Amino acid sequence: MQVTVNEHDAVERVATATPAGNREAHAHGTDKLAIEGGRRLAGEIAVSGAKNAALPILCAGLLSAEPVRLDNVPDLKDVRTTLALLGQMGMREETDGARVVLDASRVDNPVAPYELVKTMRASILVLGPLLARFGYAKVSLPGGCAIGARPVDQHIKGLQAMGAEIHIEHGYIEARAKRLSGARIVTDMITVTGTENLLMAATLADGETVIENAAREPEVTDLAHLLVAMGAKIDGIGTDRLVIQGVERLHGATHAVIPDRIEAGTFLCAVAAAGGDVTLTGMRAHILDAVIDKLREAGATIDEGVDTLRVRMDGRPSAVAIRTSEYPAFPTDMQAQFMALNAVAQGAAQVTETIFENRFMHVQELNRLGANIAVDGNTALVTGVPKLSGASVMATDLRASASLVIAGLCAQGETLVERIYHLDRGYDRMETKLTAVGANVRRISGSEA
């Protein structure tokens with residue numbers, strides 16, 4: 001099976017990971033969501049900035065000594081952890097709502113310690129920028145969600161091709177280079193974080209770097225657009241072949257993070273499963289084509305505006321087969337949500353996961369709610385049932401938790417989703433947004449439970 005490093009995943013924010021600024025600490029590790037199912041959803045939901053674009057973009061702030069101003073930054077646990085990590089290196093940061101201003105002029109500690117990196121795989125994204133600008137980086141090997149092997153060897157191989165001297169010992173990657181040199185890099189697999197790390201490193205390298213088999217995800221493209229705004233020279237943006245002409249230095253820039261296509265897809269899926277009429281605002285439909293096509297196949301009516309998406313659904317959805325693959329195909333980060341949709345659909349459908357092994361941990365929990373799902377290797381057969389029944393379930397990772405929320409919206413009675421710190425890593429106030437469109441969802445804090 002092909003394993004792709006495809007998502008900037010993290011697990012739990014540690015106590016030290018709340019940065020300066022006015023971003024509040026979110027959920028306690030024992031928070032739960034209580035969902036009373038059976039309500040139609042109607043109204044408007046504003047889509048937040050994309051987590052998987054914001055994390056590399058924050059790390060790109062290391063590449064310049066001038067301020068980088070970012071808008072539409074989501075207020076998420078992973079973002080706060082990244083800001084804490086950057087702050088420990090000497091990065092100064094000012095936050096005002098969804099605007100973050102980064103100043104890396106005084107960065108003097110190019111080390112990413114285990115205490116922070118263990119909570120978030122995306123921490124590896126500091127490796128390329130630190131090495132390119134400072135000639136040295138010491139980064140702990142990452143932790144993250146338990147959804148399969150997501151190796152960092154492609155990052156290391158690419159940086160070595162650019163002349164870096166890299167040693168791994170005592171759980172740390174230690175990298176040195178006087179100045180990186182341009183190189184032709186062919187990754188063994190499509191890796192999103194690998195592409196981003198090598199792209200950032202190449203912007204300050206001496207000469208031309210070509211990245212073949214590059215990831216084409218919109219989040220990679222968004223990072224590239226910021227880098228160009230900072231003075232980088234990049235050709236082939238949005239394709240699988242990136243050509244970068246290194247420059248001596250990058251300057252400051254202003255950039256708005258793209259909308260979160262996975263958050264948008266999750267809400268579209270929720271409406272398609274539970275029924276209703278909801279308009280998503282601040283969303284670009286073209287980055288969600290594969291998901292929209294499948295929702296239409298399931299029976300949803302979706303109208304695309306300039307920056308809006310309206311989804312309407314009456315009656316039960318029809319079962320739809322999905323197969324995950326790299327962008328622009330169906331995203332692995334929407335697989336669990338479609339599993340919940342298929343659980344209440346008419347008919348049966350096969351769900352095939354080609355990106356990660358071990359990404360069916362939500363199946364057992366969905367079956368606790370009355371779903372009929374059988375797993376065979378990397379394929380699940382979902383046979384729809386007329387009704388799910390509320391029960392206590394446990395989130396195992398970020399997207400699995402979203403699938404349990406969708407299932408809870410469709411279930412009779414109360415569903416209690418435990419361990420929602422996973423949800424808070426990737427969704428900005430999900431329960432608040434769902435409540436605003438008529439769902440009966442409330443957070444039970446750890447102190448109440």
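For all residues, glycine too, the Cβ spot is worked out from N, Cα and C.
According to Swiss-Prot, the active site, proton donor annotation covers C145. The phosphoenolpyruvate binding site annotation in Swiss-Prot covers K51, N52 and is backed by sequence analysis. Positions annotated as UDP-N-acetyl-alpha-D-glucosamine binding site by Swiss-Prot: R121, R150, P151, V152, D153, Q154, D333, I355. Residues or ranges marked as compositional bias 'Basic and acidic residues' by Swiss-Prot: 1-12. Swiss-Prot lists C145 with the feature 2-(S-cysteinyl)pyruvic acid O-phosphothioketal. Annotated region 'Disordered' per Swiss-Prot: 1-30, in sequence order.
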* Inter-residue Cα distance where the pair is I355 (UDP-N-acetyl-alpha-D-glucosamine binding site) and N52 (phosphoenolpyruvate binding site), in Å -> 16
* Candidate with the highest Cβ count within 10 Å, taken from the binding-site residues K51, R121 -> K51
* Structure fact -> Cβ neighbour count within 10 Å, max among the binding-site residues N52, Q154, goes to N52
* Out of P151, D333, I355, which of the binding-site residues has the smallest number of neighbouring Cβ atoms within 10 Å? -> P151
* Around V152 (UDP-N-acetyl-alpha-D-glucosamine binding site), how many other C-beta atoms are within 10 angstroms of its C-beta? -> 20
* **Inter-residue Cα distance where the pair is K51 (phosphoenolpyruvate binding site) and R121 (UDP-N-acetyl-alpha-D-glucosamine binding site), in Å** => 13
